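So the structure is just underneath, and the comments pick up after that.
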Amino acid sequence: MECLMAKLVPRLELPLLPNNIPSACHWDSSSLSQELDQWLISKLGITDESAKRKIVQSRVMLLACLMHPNGERDRVLLAGKHLWVYFLVDDILESSSREGYGALKSIVWSIATTGIYKASEEHDHHDLVLLLLVEVMVELRKEMPTSLFARYCKILSIYLDSVQEEVKHQINNTIPSSEEYRLLRRRTGFMEVMACIMTEFCVGINLEELVVNLGEIRELVKIMDDHIVTVNDLLSLRKEYYNGTIYHNWVIVLLAHDCATFQKSVDRVCEMIKQEEDSILDLQKKLIIKAKVDKNPELLKFAFNVPMAVAGHLKWAFITARYHGCDNALLDGELFHGTWIMDPNQTVIVKNM
């Protein structure tokens, strides 16, 4: 591990990432963002101004608006609440001890499937987050079609089991192989829920079970998951570098097993993002053709809308204070590139001349 640490340097060359998947943003994103931010700040009882600013500048509602631009307003708001709550739940799960994870896993599963959680009298941060999860899951269970919610729970079960495996790696200071990491992150990313199921819910797409299991759709789900995870790992690199969770990241996995230098590992991750985007666009075309040939309007809606979640996540990853620090003038909505200096407080980019 010490040898690996010696290869890490707090600066790298970041190329302009490909951004060719069609994208859009929900028409009411500004109002929705204010509504979600106020909801979270109120529910968590946050009074500190810097903490409020971090929530607002994390732009999580904007992520939902970019992922589901054609969704019904109330459902997109619920998707935004769901995103925020799972960011918080994921942080709690990943920071738990091996002994504590089992209990947390059971609580999260119980909340999702029954909507019941008995909080402690103190109502600490964990309790407040889990009570938020109760609120969101009760509403989701009420509004989501039964078959879609059943798919949701199936993927949630896989996610909870897989995060437990991730926690073991963190506790033992072990780094999985590239293929192990790819397969693990497909399960811990929870992106079939965030990108596919939530888009189907927000837009009102009704896929038959036979269509859900089409080879092209299953492959699209895997590659979309890969793209979102790879972008996440690259753009959250500064944050993870300073908070001590950097070992569970594509850049470090490749550095440990496949690449000789930090920069070569970054370059390889950027190549992966390009390859994943190309595959998504190819699969999207195939699904559009199939939908038209089969005269299946629901599949056509799926093919047009679901890949937007990937494009939306890419844009958000460049503008969120969650990765790049608060009050950062760099976050102007454009995909930045150049010499990336991983300052402890925020992302700094020196434009290459």
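Counting begins at 1 with the first residue displayed.
Placed from the backbone N, Cα and C atoms, the Cβ positions cover glycine too.
Listed in Swiss-Prot for this protein:
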- Asp90: Mg(2+) 1 binding site (BINDING)
- Asp90: Mg(2+) 2 binding site (BINDING)
- 90-94: motif 'DDXXE motif' (MOTIF)
- Asn232, Ser236: Mg(2+) 3 binding site (BINDING)
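Swiss-Prot feature annotations superimposed on the structure.
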residue	record	contacts (Cβ under 8 Å, 6+ apart)
Asp90	Mg(2+) 1 binding site	Val163, Phe190
Asn232	Mg(2+) 3 binding site	Gly189, His313, Ala317
Ser236	Mg(2+) 3 binding site	Asn249, Ala317, Arg322, Tyr323
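In the motif 'DDXXE motif' (90-94), the DSSP tally of helix, strand and coil residues is 5 helix, 0 strand, 0 coil. In three-state terms derived from DSSP, Asn232 (Mg(2+) 3 binding site) belongs to a helical segment.
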